[in-house]
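Here's the structure, in structure tokens; my notes come after.
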Amino acid sequence: MASSSAHPYLAGNYAPVKRELPLTPCTYTGAIPHELVGGQYVRNGGNPSADADGERDAHWFDGDGMLTGVLFARRHDGSVQPEFINRYVLTDVLMATSASATRPILPSIATLSSPHVTLFRVLLHVVRALWLCLSTFLPWHPAKLAVQRISVANTSIWWHDGKAYAGCESGPPMRILLPGMETAGWWTGAEHDPQSARGWSKAGLAGLFAEMTTAHPHVDPVSGELLLYHMSFFEPFLRVTVIPPRQRAEKAPVCPAPIIGRAVPGLAQPKQMHDFGVSASHTLILDLPLSLDPRNIVRGRPILHYDHLGPTRYGIFPRHAPEAVRWFEEAQACLIFHTANAWDDDAAATVSLLACRLNSATLIYSAGHTVPPPHALPLNGAPESCRLHYWRFTTDPSDASLRPQASFALSAIPFEFPTMNQAYSTRRADFIYGASMRSGSFDAGLGRKSAKIDCLAKIDAGTLLARAAKMSEAGETLGVDDVVDGRTVQELIAAQEAGEGADSAVRIFALPEHHYAQEATFVPRANATAEDDGWLVFFVFDESAGLDADGVALPNAQSELWVLEARGMQDVVARIRLPQRVPYGLHGHFFDAAEIAAQEPVPHEAVRTWARAATGGAASSAIVPAAAASTAVVAAAASAAVVSAAASPAFVAAAAPSALVPVST
């Protein structure tokens, strides 16, 4: 069983949960902010359904997508009732996975990245996955839905223009309905592409790779435009998409027409590109020395390979003109998984970027329980670091240096999973929030005791950048390995406890002992007058109560959802007790009440259910509002048209109409 596995990403609170629960009332303490009422917090993450083989290759980034959420339901009397729900994203791969399978269909990222795995073993895993996927097209295969796309949709959850989507960069986004979190089909932007009606997809096998889409799209808070990129194994390796909102005449009268899958020149091979930067008028592409290239096999390298001698490049172009990209180069290799903020300074003709910079590729390997090869470690024996880093680039075409004008870290603390007030995402923001830890490093292996998220941090980027400017004026040059604020997390906590950190540019919220958090999401206060006026919402797990002496998750283990006041980073205003634990996962989003109510309607036949996969037919052709389809999850109606997780072969309805009870498989 996975719960007893020695693999750190299949054990403890990384172990998958076995129950899907419908909207289930929760108890809570404190006061739930008004801005949360009627809204829903949802977090995505991998939860492998075929998990019996605990000795298999596995990686934290593997696993079938599972959405976990808390709906802040408004009662008739005006009070609020938090309701927990978790559901799988019903991808092609998940619905084709046999109930008796002991391991996933797709190869693990650990298999594709490990330098210790033989070529024969890699090919064996790839051929197995290819056969299992292709066999679903056979007429006698028990899976009625063929595997046409290989995304497991396990990374993110986001919103644009009346729709919620789950994403993973191995395929296109998947439409999700709220608050019941039903799966409503893949999306490739076809409605914005009248010429081919394919969106950024293509015909044939090439379409499978052309559809690969970032799991970190950006939405311009002013224009309402959605920005995406698509990495492919075939040239052109990188393409970008820009989709305006449907009501762009009202939102932004000068919003240009859509750009669908337009090529970005200048890449020599496909890369593992996880995020990018978006300012008000520019796009910043990260060409890091981490290739994701099947051709690496013939070069004697893993498919996912880190080149410590390779440069780090940044491609910058006007949002609607990717052909005008200019590539800036930094000699020292690094990895960047997540950007935090990007902005233009038109007067200085510059674009700036804040992102979480890792000085090694250790995380790629340690998250797969693989010993990192020497070339993946920091250069020259430097300590592992993952810091909030600042870059500044010129947009002056007469400047031919093509090097960053500035590159340095704001703070020495470990910093990942950045979040902020999204209204400021394309302009210079003062405050960036993120995950941190008292000791250890994200690079050193998230999941070990020294590297779990036991702190959240608030960095006043505006103050630290002003301090850096003064240091520069005084003749102090800041380089790529330098920091503006060199204090550690422990030093910052000590200063706060001594009452000395009230005006600090870095604030730490330290969780109680044995409590560990996940990525936080910033929810602004209504009519706020300050950028940081709002709350951080995040899941918390108490390992001292939820794990046994051997580190195995207890059957009755429970997590909580905490709401933290974001200005002072001290007061937890509400704690919602959940009916089960929430495994440590990836990215989340808060959907407000207005967004949930305004979801675009979907046809019933677009909504996926386990029963529909088993019968191969749609229950109804009626068009229903998305919110109505979600309500059907908890209505317990005995109709074939009900969209419900109760149709799963692994679940049966209990005596209580709204309860779902797991059945062992």
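Cβ coordinates come from backbone N, Cα and C, glycine included.
With H274, H338, H587 listed by TrEMBL as binding Fe cation, the candidate from H216, H218, H230, H389 annotated for that site turns out to be H216. The Cβ neighbour count for H587 (Fe cation binding site), using a 10 Å radius over every protein chain in view, is 23. Each residue in T155, S156, A215, D275, F337, T339 lies on the same chain as H216, H274, H338, H587 and has a C-beta within 8 Å of the C-beta centroid of that Fe cation site, without being one of the site residues.
Packing around H216 (Fe cation binding site) is summarised by its Cβ count: 21 other Cβ atoms lie within 10 angstroms of its Cβ, all protein chains included.
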